[in-house]
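Positions annotated as region 'Disordered' by TrEMBL: 1-186. The compositional bias 'Basic and acidic residues' annotation in TrEMBL covers 15-34, 76-92. The annotation compositional bias 'Polar residues' is assigned in TrEMBL to 36-47, 162-173. TrEMBL lists 54-70, 96-106 with the feature compositional bias 'Low complexity'. For 125-142, the entry in TrEMBL reads compositional bias 'Pro residues'. Per TrEMBL, domain 'Cytochrome b5 heme-binding' is recorded for 213-291.
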Amino acid sequence: MSWNLLPQWLLPEQWRSDGQKSGLDEEGRRDGTLEHANSNGSMPTTTKQEHSSPESTPKAKPAKAEPVPTFSLSGHDSDGEKPKAARPDEGRPMFAAANNAQIASAMPPPPKPASKPTKSTGPGLMPPPPRPAVKQMGPPPSAASSLRVPLTGPLPNRGPPANSQQRASSGLSPNGEKPTPNARGKVLLSPGHSPMDWAALTRTGNMAGVNTFQRVTPSQLRSMTGRKGKPAWSSWQGKVYNITPYLPFHPGGEAELMKAAGRDGTKLFMDVHPWVNWENMMTTCLVGVMVPENHGTAEGESSLEDMD
Ligand code: HEM
């Protein structure tokens with residue numbers, strides 16, 4: 001390799017031709033400082049040049065004030081003059097060069113506009129740049145990208161999950177699927193057994209299953225388990241209800257409700273959903289009231305009406 005090809009200021013000082021030893025290059029850009037390596041060969045440091053005389057210390061000269069290039073959309077000055085071509089870069093916007101590393105890493109350069117302007121573009125206006133490919137525009141794939149609506153193909157299913165209560169109530173439950181409780185313990189209700197359906201049913205009349213208001217003893221309650229052809233009764237704060245008709249409507253499932261059959265369901269009920277209004281929902285299923293075991297049995301009284 002020939003050292004003549006290197007610029008003088010890159011060469012070690014003893015190799016330079018005489019005119020270059022002062023630390024000035026051809027363009028006189030250096031300001032009297034000289035870079036040299038430390039004795040230990042570490043990073044170069046900058047010091048005042050020692051061998052120049054104080055009188056001849058080169059001073060930095062202010063660079064010639066260049067005219068600030070202007071940028072116009074039409075490519076012409078407002079007064080109609082042709083743009084000057086004194087400097088090759090004159091008239092270009094003062095952006096970093098297109099091959100600048102900063103730009104290259106940030107985004108690709110916009111594609112060149114079409115040679116012919118589109119019809120909608122007025123004279124003197126730049127045509128809009130063509131849309132770059134989708135690949136270049138979007139950010140790298142992330143978790144959020146899965147939330148975007150795909151541009152092609154069918155729309156993703158936005159409906160409630162297959163086993164949700166919402167689908168069950170709207171009659172969308174898939175056929176043959178067993179009711180499965182969700183995180184809160186709710187189950188799939190079969191079509192026609194939504195809370196609204198229950199509300200409608202209770203308006204139709206008495207569902208207690210008895211003709212007269214009953215005095216129910218604890219032993220009698222225990223026998224009403226909903227099995228062996230008997231209805232399921234449950235007591236709530238001293239009142240006895242026939243819960244059989246409500247079983248297929250119970251959002252917590254029949255099995256849960258059956259835990260209260262033949263016994264006092266107050267605690268079970270309050271443990272799960274104290275906000276539910278048992279009395280309101282079960283009014284038409286009211287059988288009677290709880291009485292002590294020996295109440296009226298001696299006289300064979302079993303109905304409150306008999307007391308009148
Ligand atoms: C006649 C008595 C009962 C009625 C009227 C009733 C009514 C209801 C209602 C309306 C819901 C829906 C609650 C909601 O969406 O916030 C529900 C849910 C539920 N019920 Fe009952 N229930 C009764 C008895 C019981 C009993 C005795 C148990 C437990 C042994 C029980 C267990 C559940 C469970 C686990 C849920 C699902 C979880 C939840 O919604 O918080 N229920 N019940």
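Note: Cβ is positioned from N, Cα and C throughout, glycine not excepted.
On the 0 to 100 pLDDT scale, the domain 'Cytochrome b5 heme-binding' (213-291) averages 97 in this prediction. DSSP assignment over the domain 'Cytochrome b5 heme-binding' (213-291) gives 32 helix, 20 strand, 27 coil.
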